[in-house]
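These notes concern the structure reproduced below.
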Ligand SMILES: Nc1nc(=O)c2c([nH]1)NC[C@@H]1CN(c3ccc(C(=O)N[C@@H](CCC(=O)O)C(=O)O)cc3)CN21
Ligand SMILES: O=c1ccn([C@H]2C[C@H](O)[C@@H](COP(=O)(O)O)O2)c(=O)[nH]1
């Protein structure tokens, strides 16, 4: 069983057993627990669920849309064949001043890469999408909103802070795509991936996802070993990376589990 399955399913199980039931903005009530944490040693294995199919390429494309294209334009994501943001697209085709917009606005990725290369012992390496001034002009306030970075020896460590985590849909994407980000940032900085810690403030299961997640829990004993993430040798420039530069070797999984997204 992959470390991702073990830690993710432990949280799912805890929420189903002890979660607090309440309604929220979407009108679809959730069971929730505060302060759930997953931690992966990326030198040992890549975190992706095997107890259901995770659309890896889609998750990577969404990541590159935010971090590389630094875009808020949903049409650019659609042009890559990804439709997970369609419901939040405004009339102008964007999600407002959200996500990639905030990375571009302050050159946050360039600053991070520069610090990692020139002052790796800095304790000030943070990329944050949480911009109080711009919050009113965002179609959705960022959920996985902050990363904190550390270099120990040749290892690059990263903590992802997520204020709100949809365990059925968002979290399986987020844990995997940010692990890819650590691999990619490490590669272009001449480092190796290290510890990846994923903190979720409000980890929730939408009521209409309970059956699918219970079915996933039952697949536990058939879970597979984690696949290996491969990054093309010639990746040196973050801005030149394409979705084909990363792939999984040996991704065995137990098949798709459909869930409806709460809007
Ligand atoms: N309620 C909610 N949950 C989320 O996870 C979420 C939002 N809203 N709003 C913004 C984005 C959109 N996200 C989404 C939306 C849909 C899928 C989804 O349908 N995933 C399918 C596969 C999709 C595909 O292959 O294209 C899945 O089975 O994982 C995933 C993440 C994550 N975020
Ligand atoms: O990357 C993402 C983006 C969104 N989500 C989920 C978390 C919540 O279920 C909704 C957002 O609703 P809020 O009321 O703004 O918290 O989207 C996610 O898990 N990951």
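Placement of Cβ uses the backbone N, Cα and C atoms for every residue, glycine included.
Because TrEMBL annotations are produced automatically, they should be read as predictions rather than curated entries.
As recorded in TrEMBL:
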ACT_SITE  143  active site
ACT_SITE  143  active site, nucleophile
BINDING   25, 123, 124, 163, 164, 165, 166, 174, 204, 205, 206  dUMP binding site
BINDING   166, 262  (6R)-5,10-methylene-5,6,7,8-tetrahydrofolate binding site
DOMAIN    7-263  domain 'Thymidylate synthase/dCMP hydroxymethylase'
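This view paints the features noted in TrEMBL onto the structure.
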residue	record	Cβ within 10 Å
25	dUMP binding site	8
124	dUMP binding site	9
143	active site	18
164	dUMP binding site	20
166	dUMP binding site	24
204	dUMP binding site	27
206	dUMP binding site	23
262	(6R)-5,10-methylene-5,6,7,8-tetrahydrofolate binding site	20
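Proximity to ligand 1 at the level of Cβ atoms, with a cut-off under 6 angstroms, picks out none of the binding-site residues 25, 164, 204, 206. DSSP assigns residue 124 (dUMP binding site) to coil, not to a helix or a strand. This prediction places the mean pLDDT of the domain 'Thymidylate synthase/dCMP hydroxymethylase' (7-263) at 98.
Of 25, 124, 164, 262, all annotated as binding-site residues, the residue with the shortest Cα distance to residue 143 (active site) is 164. According to its DSSP assignment, residue 164 (dUMP binding site) is in a strand.
Rounded to the nearest whole angstrom, the C-alpha distance between residue 206 (dUMP binding site) and residue 262 ((6R)-5,10-methylene-5,6,7,8-tetrahydrofolate binding site) is 8. If you take the Cα of residue 124 (dUMP binding site) and the Cα of residue 262 ((6R)-5,10-methylene-5,6,7,8-tetrahydrofolate binding site), they are about 35 angstrom apart, rounded to a whole number.
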